Amino acid sequence: MAGLSPRLTLAAFPGAARLCLWRSGAARWKGVPERNRRGLSDFRPKLAPSEGFKVLPPGVSKSRPESKRYILSPDLAETMVPFLLRNDGCDLILEINPGPGILTSALLQRGARVIALESDKTFIPHLESLGKKLGGKLHVLHCDFFKLDPRSFGVIKPVVNSKLLFQKFGIETLPWSKGIPLKVVGIFPTKNEKKMIWKVLHDIYSCTSIYRYGRVELNFFFNELESQRMMANPLNPNLYYALSVLWQVAYDVKLLHTEPWSSFDMCSQRGQREKPESKESLEQQTQQNLCLIQLTPHKDLFSQHLTSVNYDVFFHMTKQCFLKRHGKLIDHITSLSPIDAMDILKKIRQDKTIKIIDMYPSDFKCLFETIECSKDHTCKWLYDDFMEDVIV
């Protein structure tokens, strides 16, 4: 159909005005080769080479060097170790941007096996030397974890993908219902934070990137506000958003530790220590906290009706609901699905007066699965322009 991407053309039917009908996941992917059914990136339109882009003159920087924070406190490192090594059968740690290796040393001394992915070449020689001193249980690779398996096109350096990374270090796949194959620890970047968050969520729901290998546990320092939003529910409505639902449906979200920003050193990409731009910015930073959040994927994330194929519709449903967060659920159902709204409410045991802001994350998953499993309707969902915003 003209004007729709190939992915949407598979599912769209002609309809009145700007509305189309979406079939169930299986019907939408009919005729698509099985190897292409797991991720959405296979169906993204490709840009024509260099079309519409200008080459910057020599000497003109495309962007200022990205600043990163590093753990410099041995006390903080010692606090973190018990959270990561819990006698749960997984002692393999993927440490992101370890910098001077304070946490790295603490983990190795407790018997962990550590793979250090460092994006700043300045720290590589020191980390390699540290590995030799501490029994060879440390492997160091020049790599930016947050640019691993990019969904966008183009050359990204240092170039690496999860398949080559896991093969290189002999990391084996574990079934989703089994244990944790490895744990990731680091500081979540503040630059492009929302894009990085959406990429992590797309990766887990589509079982791509690191999640091809099982329920990889994440342990990241986030800023305090984002941490509160991740854990929010109807009890704290001012912080409760679509992302809160998507995080909590996918992961068991736990706050492990809170640490002042002043405990972390900031360095530029060249390894140089950065000074705050003003006294005010320094005072603002020292009053803020970074929160260590543990994200353990739920064993029961996927079901017969929520899968790595149709998760994009779940994203759309949740985002649409929170566009009018104080609206009634029954009104949202009417705009999202042709199925009788009262019948859906009866099946999920909700009153017709319930509002979106009063629903817990598990309620949204139940709502989606109830609509998906409806046997009386071939077409389950209404499509409009917002569906194109699913891929970020």
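Glycine too: its Cβ is placed from the backbone N, Cα and C atoms.
Features reported for this protein in TrEMBL:
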- I71, E118, D144: S-adenosyl-L-methionine binding site (BINDING)
- 85-270: domain 'Ribosomal RNA adenine methylase transferase N-terminal' (DOMAIN)
>> Among residues I71, E118, D144 annotated as binding S-adenosyl-L-methionine, what is the maximum Cα-Cα distance? Answer in Å.
In response: 17
>> Using a 10 Å radius around its CB, how many other CB atoms surround D144 (S-adenosyl-L-methionine binding site)?
In response: 20
>> Give me the count of other Cβ atoms within 10 A of the Cβ belonging to E118 (S-adenosyl-L-methionine binding site).
In response: 26
>> Can you give me the same-chain residues 6 or more apart in sequence from I71 (S-adenosyl-L-methionine binding site) with a CB-CB distance under 8 Å?
In response: A77, M80, P98, G99, I102, L103, I187, S263, F264
